[in-house]
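Q: Take this structure first; my questions come after.
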Amino acid sequence: MSKFDTSALEAFVRHIPQNYKGPGGVVAVVKDGEVVLQHAWGFADLRTRTPMTLDTRMPICSVSKQFTCAVLLDAVGEPELLDDALEAYLDKFEDERPAVRDLCNNQSGLRDYWALSVLCGADPEGVFLPAQAQSLLRRLKTTHFEPGSHYSYCNGNFRILADLIEAHTGRTLVDILSERIFAPAGMKRAELISDTALFDECTGYEGDTVRGFLPATNRIQWMGDAGICASLNDMIAWEQFIDATRDDESGLYRRLSGPQTFKDGVAAPYGFGLNLHETGGKRLTGHGGALRGWRCQRWHCADERLSTIAMFNFEGGASEVAFKLMNIALGVSSSEVSRVEADSAWFGSWLDDETGLVLSLEDAGHGRMKARFGTSPEMMDVVSANEARSAVTTIRRDGETIELVRASENLRLSMKRVKGEAKHDIIGRYHSDELDADLLLVSEGGAIYGAFEGFLGKSDMYPLYSVGSDVWLLPVQRSMDAPSPGEWKLVFRRDDKGEITGLSVGCWLARGVEYRRVQP
């Protein structure tokens with residue numbers, strides 16, 4: 001690493017309120033176990049005019065996952081010790097069951113339970129109880145890929161871990177975290193507060209400077225996948241604990257942050273609640289977190305004993321800020337990609353028959369395309385006539401076929417262009433046997449709308465948009481968790497007579513949920 005330059009970090013931080021507009025936030029940089037930069041700005045609550053401080057607690061959301069895995073390693077031991085308990089937990093399973101290690105590494109193939117809550121009729125601002133979480137997870141019978149073969153983000157993995165840990169130890173996760181993680185690390189005010197409705201020390205905001213900022217409503221109860229609330233000072237203490245134990249081969253963070261592989265031996269991007277990343281040739285470990293009204297991110301570079309943290313009480317770019325702080329501290333500069341103009345033959349929708357996933361491409365100008373495939377849009381650089389890349393995805397076009405590669409997910413898809421005109425004979429009621437949930441499709445004035453119904457309630461009506469013959473998109477931009485699943489892909493099946501018999505409903509988080517038609 002080049003000479004550490006705090007002035008460049010300070011200059012970047014001074015402009016955060018201007019470049020990332022929102023109510024407030026905090027950032028920090030820790031080097032060699034010492035705080036070299038910490039800053040708070042804005043307000044924890046706009047109405048009460050409560051300032052944001054270094055000691056203001058905020059939900060750290062999915063950053064909690066590494067702490068759940070830390071408890072597993074510290075209070076239980078190796079993940080394999082809970083494999084029998086997981087088999088009993090997933091007692092309705094028909095496919096190959098994942099192992100507990102697969103849960104820790106997001107290789108289980110289980111569909112994300114927050115995404116599935118949408119299919120079960122959940123109200124985005126509704127109450128979600130622990131019993132409902134278990135009911136949803138325990139009804140699962142299948143995975144959307146063979147465990148250990150790919151990466152797919154799944155909050156339910158860590159919710160199940162929490163349940164298994166509590167059952168094994170006979171203690172609450174609240175108590176174990178406090179005793180075995182927070183106290184040794186000096187995280188004085190960190191606490192697992194499972195009920196998001198009970199946290200009122202800081203307000204998270206939806207919106208932006210165009211629509212305005214409004215307090216976000218959250219009423220879910222979660223544990224394992226999220227739920228910890230902590231201040232910047234608490235998170236600094238965690239980074240200092242990591243640094244202080246760096247030379248201990250049995251140290252907790254060293255065990256959490258080791259390299260992981262898929263079952264075929266290929267390096268994996270995630271392990272024990274940590275993203276395993278690289279920048280400027282340096283290995284990073286960390287995680288982001290999101291809930292309606294909140295965003296946060298931490299990164300750690302063990303080789304340089306360097307950590308960055310960003311926490312916002314609005315839906316801004318905390319992940320981008322923490323990553324930029326890391327790059328500035330490491331002296332890594334960004335390079336401009338050489339681009340060519342996108343040929344119109346790229347544009348449109350492309351379907352992978354096996355997964356039911358759809359890639360939608362549109363021109364974004366200046367040699368870029370906007371791609372919709374995962375939970376949020378990606379900007380792709382068109383690097384040649386038949387190849388485009390984003391940070392996580394590479395696509396190559398050969399006539400009417402696109403090869404999509406996400407190397408970090410061990411995923412390679414062959415996608416065909418979606419053609420033809422959509423028929424409107426899809427209206428009716430469809431049933432998922434696995435979820436015991438329905439999808440209702442209706443036509444109003446020639447427009448098609450869909451609604452989900454299940455044990456969590458009945459959803460609003462959502463408009464459907466056709467992209468070709470028997471392939472429709474159903475956008476859902478608000479859900480109990482954040483970010484939302486995005487576009488649900490609906491791929492219909494017909495019999496030999498051309499009659500609709502059912503469909504596959506899926507998104508990146510929850511692929512290929514099968515429905516059969518029960519009522520035209």
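Note: Cβ is positioned from N, Cα and C throughout, glycine not excepted.
Source: prediction; values computed, not measured.
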Q: Can you identify, from 246-256, 367-377, 477-487, the stretch that Swiss-Prot calls region 'Important for specificity'?
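A: It is 477-487 that Swiss-Prot describes as region 'Important for specificity'.
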Q: Which residues does SER62 (active site, nucleophile) neighbour through Cβ under 8 Å, counting only same-chain ones at least six apart?
A: ASN155, ASP225, ALA226, HIS287, GLY288, GLY289, ALA290
Q: List, in sequence order, the same-chain residues at least six positions removed whose CB sits under 8 Å from that of ASP481 (substrate binding site)?
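A: Residues satisfying the criterion: TRP114, SER117, ASN155, ILE220, ALA290, LEU291.
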Q: If you skip the near sequence neighbours and keep only those at least six away, which residues in the chain come within under 8 angstroms of LYS65 (active site, proton donor/acceptor), Cβ to Cβ?
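A: In sequence order, PHE158, GLY224, ASP225, ALA226, GLY273, LEU274, HIS287 meet the Cβ cut-off.
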